[in-house]
Amino acid sequence: MSSIINSAMSGLSAAQAALSTTSNNITNYTVAGYTRQTTILAQANSTLQGNSYYGNGVNVTGVQREYDVFIAAQLRGSSANYSAVNTQYSQISNIDDLLSTSTTSLATSIQKFFTNLQNVVSNANDPSARQSMLSNAQGLVSQFQTTSQYLTSMQNSVNSDIGSSVNQVNTYTTQIADLNKQIARLTTGTGTAPNDLLDKRDQLVSDLNNVVGVTVSEQDGSYSVSMANGLTLVNGTKSNQLVAMTSSSDPTRTTIGYVDKQAGNVEIPEKLITTGSLGGLLAFRSQDLDLAQNQLGQLAATFTSSFNAVHKQGFDSNGDQGVDFFNIGTPTVVSNSKNSTAASVTAEWTDTSALKASNYTLSYDGSNWTATRASDSISVPITPGTDANGNTTLSFDGMKLTVAATPAPAAKDSFLVKPVQNAINDMSVAITSESQIAAAGATGGESDNRNAQKLLDLQDAKLVGGNATLAQAYASIVSTVGNKTSSLETTSTTQKSVVGQLTDRQQSVSGVNLDEEYANLTKYQQYYMANAQVLQTASTIFDALINIR
């Protein structure tokens, strides 16, 4: 009799456990990161009675998380890639929107400027035509600066976003390490980890992965989390902190490093961070934003220097020799903060038609100099020389760099060269009066428009890179950004679809299906009632035995 009662009681306990798990699944249906749980039942050990073994009911052996490690790893990889591509796409879309706005574009301003210059050609002695040209020149400069300032603000925004992302990473890794500690403590003695903490940890790993892209390994119930470049972020109960730091090669940029107890803050090469939103930010900055700024600067530098050169060949209304029509910035050279000497390098343009829309890394090995173009990683040929002061000169891609003789550079010193990226910062109209427009080809000719015609001819000259007009160069900028935006949009859509498919696969294993849970409720309710009926039957038999007396 006792075996019947014990079996029924074990069945009631099992049914209660299963109903509790089912109820928990239903109530957590909308909770992000929740993993469906299943109550695991196993028959109890049987007992030998006479010549036969009789069952002793059922045992609850545990509550299992329905979790597939392989699918989770696949999903993390795809999610990190999607996060990177989507971040890069959303950022470059802003540039695409800026450049494709026809009513306020540089193309419109350039066209208006040359239209007014045509009026000066037609009416060289008309002060109103000259004043209109001067006003449109100022409008053109303003449009260059507005566009440049927008791109500069994006550089600042990327710096800020990198700092915020690094803070997020550090918060996540600290919490993951803390959960590793809690899980290890609660598992000791029981051999069973708390499912809710496992879910929290996996959700944090997922959030971290979307920011920086990680790989996960598990040992003794603890997670070790590493970036794709191998840098360990979490090792058991310890987390390693990242830091947003000023780039050693460019003080205007924020980059990413890690904290080393002995070496301090150590920069991580940006090329090693390619996934997650951080990877997308870095890719956008190095591949898209820098290129857009350099192409715009190349256009401005080529236009202004060519225009100035022709303008100085003419004569103004006062019969004076023409002067620079525009002011424009100059190349920037920045010493790497890791250099062992205070050696300095300056740069100037020698042929703006040969300028490239790229920055350069200038490196010294103790004997020779190497210039590597950032846009394509190509080492460009350098023509060395010596100036009148005995300083070393290095000429390449339309520039001449001068290396100061003292203090002399040391091996492994490097410099960042920005030929045109900051040129627009100092762009302005140099002349202040319409009478200073050097339209004449010779002194004393009020109606002489020969130099104005030469200035107008620049509109159709292959100035930029030696192979593109101003309009073609700007169209190329718009096209480059537009094509890249379209490509990233397609890639983002494709990657999102992959993430969706893997998410569906994961949810088919780990997600809560309400229809299934409703069916389980009915099943376990019937299971409970059936065991209760067995218990009631045993009670009836027991009462009958007592009443025999």
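Each Cβ is built from the backbone N, Cα and C atoms, and glycine gets one as well.
Because TrEMBL annotations are produced automatically, they should be read as predictions rather than curated entries.
Taken from TrEMBL, the feature signal peptide applies to 1-17.
Annotation comment: TrEMBL describes 5-35 as domain 'Flagellar basal body rod protein N-terminal'. Sorting each residue of the domain 'Flagellar basal body rod protein N-terminal' (5-35) by its DSSP state yields 23 helix, 0 strand, 8 coil.
Positions annotated as domain 'Flagellar hook-associated protein FlgK helical' by TrEMBL: 93-326.
Counting residues of the domain 'Flagellar hook-associated protein 1 D2-like' (334-419) by DSSP class, helix then strand then coil, yields 3 helix, 38 strand, 45 coil. The domain 'Flagellar hook-associated protein 1 D2-like' annotation in TrEMBL covers 334-419.
Per-class residue totals from DSSP over the domain 'Flagellar basal-body/hook protein C-terminal' (509-548), listed helix then strand then coil: 36 helix, 0 strand, 4 coil. Sequence annotations record features per position, and here TrEMBL assigns domain 'Flagellar basal-body/hook protein C-terminal' to 509-548.
Sequence-distant contacts of the domain 'Flagellar basal-body/hook protein C-terminal' (509-548), counting only residues of its own chain at least 6 positions beyond either end whose CB sits under 8 Å from a CB of the stretch, comprise 1, 4-5, 7-9, 11-12, 14-16, 18-19, 22-23, 25-26, 28-29, 34-36, 65-68, 71. Packing against the domain 'Flagellar basal body rod protein N-terminal' (5-35) from elsewhere in the chain are residues 41, 44, 55-60, 63, 65-67, 195, 198-200, 202-203, 206, 510, 512, 514, 517, 520-521, 524-525, 527-528, 530-532, 534-535, 538: each is 6 or more residues past its ends and has a CB under 8 Å from a CB in it. Averaged across the domain 'Flagellar basal-body/hook protein C-terminal' (509-548), pLDDT in this predicted model comes to 87.
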